[in-house]
């Protein structure tokens, strides 16, 4: 591990754009199979993320180094975790094809309180992948084929993008290959279908959640970026930070100009997602995976923290659910 990180640091030292940038493994977190969905809860100064295929929810308090985890009942994949606004210790999670309300105090065993909505499909054919809340508190989450989890080529474009409404889940986008990164700025929603190899933008009507005007804002292949886009986040000035699966890096993109601004090398090849955290929201937490060819490799599946970027993120939005008496 030390040699891998040292090689990354040496690469940074010769790139003037990376002067002062540090990438460190968060050793307290250990390694997972498929790290995804990082979410920073500012009031706790803690990071939550999932080991998606293992169905395990993780929590890390970086200041103390305390790491805890729990496994929701049901032995299902755990696609995402998003806290519920003004309901401490409650989270909306993607369990298989269910969107569920989970209670966990960060210490003891968690419990599923109820299912909020479900996608109906052939059992075992699809699962929820990435999910986040928009600035209005509406949950968005997408599905993908489970075939790729079993090491076979997935049936193309059988996934979809949904929002969570009072009546359940509502489909907005069809013919999705691998539904992934989400981010918002003003009345624009940025979205990644990894299979398409690009970052797209939609016009979003905040009150209704209606999407329109889909267009490409950044194509990885056309810009010479290896790998495929996975999870992403946005910073305080509107630039997107995109994890590149099989690309061993995080890239920073200006979506208004379609310009590649920066590349941040990561010791692991399978970079899955990113999230701003820390007291000033100036630390970029990076999840990675150890699947297929990367299984067993030392740097794979680790959690990394990137500092010295000279950028700040925004507070993660939380899901707004009606309080039940």
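Numbers run from 1 along the shown chain.
Backbone N, Cα and C atoms are what each Cβ position is placed from, and that goes for glycine too.
Annotation source TrEMBL lists active site, proton donor/acceptor at 230. Among the features that TrEMBL reports, divalent metal cation binding site is placed at 36, 180, 230. What TrEMBL lists as substrate binding site is 127, 129. According to TrEMBL, the domain 'SMP-30/Gluconolactonase/LRE-like region' annotation covers 34-289.
Excluding the listed site residues 36, 180, 230, the same chain places 37, 129, 130, 178, 181, 192, 194, 231, 243, 245, 272, 273 with Cβ atoms within 8 Å of the centre of the divalent metal cation site Cβ atoms. Model confidence over the domain 'SMP-30/Gluconolactonase/LRE-like region' (34-289) is summarised by a mean pLDDT of 96.
Residues within less than 8 Å, Cβ to Cβ, of residue 127 (substrate binding site) and separated from it by at least 6 positions along the same chain comprise 76, 77, 79, 94, 96, 97, 143, 144, 146, 149.
Note: the CA-CA distance between residue 129 (substrate binding site) and residue 180 (divalent metal cation binding site) rounds to 7 Å. Cα to Cα, residue 36 (divalent metal cation binding site) and residue 230 (active site, proton donor/acceptor) are separated by 9 Å. Here the binding-site residues are 129, 180, and the one ringed by the most other CB atoms within 10 angstroms is 180. The two recorded residues, residue 180 (divalent metal cation binding site) and the residue listed as 'active site, proton donor/acceptor', show a Cα separation of 6 Å.
Sequence-distant neighbours of residue 230 (active site, proton donor/acceptor) (same chain, 6+ apart, CB under 8 A from its CB) are 180, 181, 192, 194, 242, 243, 244, 245, 271, 272, 273.
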